[in-house]
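*Asks:* I have a structure here, written as structure tokens, and I will follow up with some questions on it.
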Amino acid sequence: MNTPTILTIFRLLAIPVLVVVMLTPFAGHEVIAFIIFVVACLTDMLDGFWARKKKMETVLGSLLDPLADKLLITSALICLVSSGVVAPWMAIIIIGREIAVTGFRAIAASRGYHITASGWGKLKMIFEAVVISILILGEHYLGIIYRLTHTFGLWLVVIIALVSALEYFIRFGPRVIKETSG
């Protein structure tokens, strides 16, 4: 098992710890949850960079990395919904986008068509990571930054999530249908 895959597994193992810390109120739990989430997000950037730069890409890593990303974001969003920070409908749109795009990419892959992450998809992940980080840390620590993120940042994440999903379906849908139907 190589270093990028170990980083991805670390991210997967950090998720239950993040959930417990987010849902267990104690002095400073927001700071600890913030640190766990940010470190997990940084391992996502690091493992991908490392795998590409050092030519260490593996089948296991290519399966686990997007799974870890989706589980991390989904778990954090569900915790934020549970604590009343994020509206359920917003989380449903963001998580629904993940399921739809992942399903679409899986169908394409099963038919021999590989769809790489798009620029909008990468932008979505960055915005999700930043917005969720701020929301985890909370108003007590961030004041106006939290309030602005809660008011506008969440909307921006929802919009980018929808745009990125549309981009995948519009850009790759006809190719997948054409290449797999003939």
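Just so it is clear, glycine is given a Cβ too, placed from its N, Cα and C backbone atoms.
Feature annotation from TrEMBL assigns transmembrane segment to 6-24, 31-51, 71-95, 125-146, 152-170.
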*Asks:* When you look at the transmembrane segment (6-24) alongside the transmembrane segment (152-170), do they share 3+ Cβ pairs under 8 Å, ignoring any pair fewer than 6 residues apart in sequence?
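*Replies:* Judged by the Cβ rule, the two regions do not touch, with the required three close pairs absent.
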*Asks:* Which bits of the chain, at least 6 residues beyond where the transmembrane segment (31-51) starts or stops, bring a Cβ under 8 A of a Cβ in it?
*Replies:* 2-5, 7-8, 10-11, 14-15, 17-18, 21-22, 57-58, 61, 65, 68-69, 72, 76, 125, 129, 132-133, 136-137, 141
